[in-house]
Amino acid sequence: MSDGDYDYLIKFLALGDSGVGKTSVLYQYTDGKFNSKFITTVGIDFREKRVVYRASGPDGATGRGQRIHLQLWDTAGQERFRSLTTAFFRDAMGFLLLFDLTNEQSFLNVRNWISQLQMHAYCENPDIVLCGNKSDLEDQRVVKEEEAIALAEKYGIPYFETSAANGTNISQAIEMLLDLIMKRMERCVDKSWIPEGVVRSNGHASTDQLSEEKEKGACGC
């Protein structure tokens, strides 16, 4: 796909404590490589990838492929950058929330990150996928899988155990997040909730046209 040759531009935000592997996960997804020498993200950075999304119907059949331009925003996890990070929450449509399976405090802080999202995202119930990263470091693991699953179930969000080192479940986690977003857009008659500048259609309904449907009903956010 050439520049501008897509149906939707969608922004995802990766967040979590410093050192959980956000940059490495996004780099593995976009470039298929692992770089162990990344320095700590200062402020905000992003990567991009083009994908084709095909929704599955109740009968299992897939519809026409939607061309998606993903912007994957990488945020600083340190507290001193928190005000800058939260300023980006409202413009993102989906959130990849990571913790480090070898760092219990990063897991305990997941609740704080979700609280921040509930306060600052485009709605109180945004689409989130929880990732326990560094699953390849099994001998250093301190967070049990059942603990992470229980937390994800408490908030009603999907959970994946990922590894930036070998790529385990990274594509699956991001594809799940994209699927949640596309299904949310499909079922919501009122598209006014969509963060401005995040979703754009080329050759289909414009965001202005989508906003004109406000009087027809609201999205259950």
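Backbone N, Cα and C atoms are what each Cβ position is placed from, and that goes for glycine too.
If you look up Swiss-Prot, you'll see 16-24, 74-78, 133-136, 163-165 marked as GTP binding site. The disulfide bond annotation in Swiss-Prot covers CYS123-CYS188. The S-geranylgeranyl cysteine feature in Swiss-Prot is assigned to CYS219, CYS221; the stated evidence is similarity to another entry. The feature phosphoserine is assigned by Swiss-Prot to SER2, with a large-scale study or a structure entry given as support. The feature cysteine methyl ester is assigned by Swiss-Prot to CYS221, with similarity to another entry given as support. What Swiss-Prot records for 38-46 is motif 'Effector region'.
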Task: Separation of alpha carbons, CYS123 (disulfide bond) and ASP74 (GTP binding site) (Å) - done: 20
- [ ] Determine, to the nearest whole angstrom, how far the Cα atom of GLY19 (GTP binding site) is from the Cα atom of CYS123 (disulfide bond).
- [x] 27
Open item on the list: Can you give me the average pLDDT across the motif 'Effector region' (38-46), rounded to a whole number?
Closed with: 59
- [ ] Report, in whole Å, the straight Cα-to-Cα distance of CYS123 (disulfide bond) from LYS22 (GTP binding site).
- [x] 23
Open item on the list: Between CYS188 (disulfide bond) and GLY16 (GTP binding site), how many Å separate their Cα atoms?
Closed with: 29
- [ ] Could you find out if DSSP has CYS188 (disulfide bond) as helix, strand or coil?
- [x] coil
TODO: With H, G and I counted as helix, E and B as strand and the rest as coil, say where DSSP puts ASP74 (GTP binding site).
DONE: strand
Task: Rounded inter-Cα distance in Å - CYS123 (disulfide bond), GLY16 (GTP binding site) - done: 19
TODO: Can you see whether DSSP assigns LYS22 (GTP binding site) to helix, strand or coil?
DONE: helix
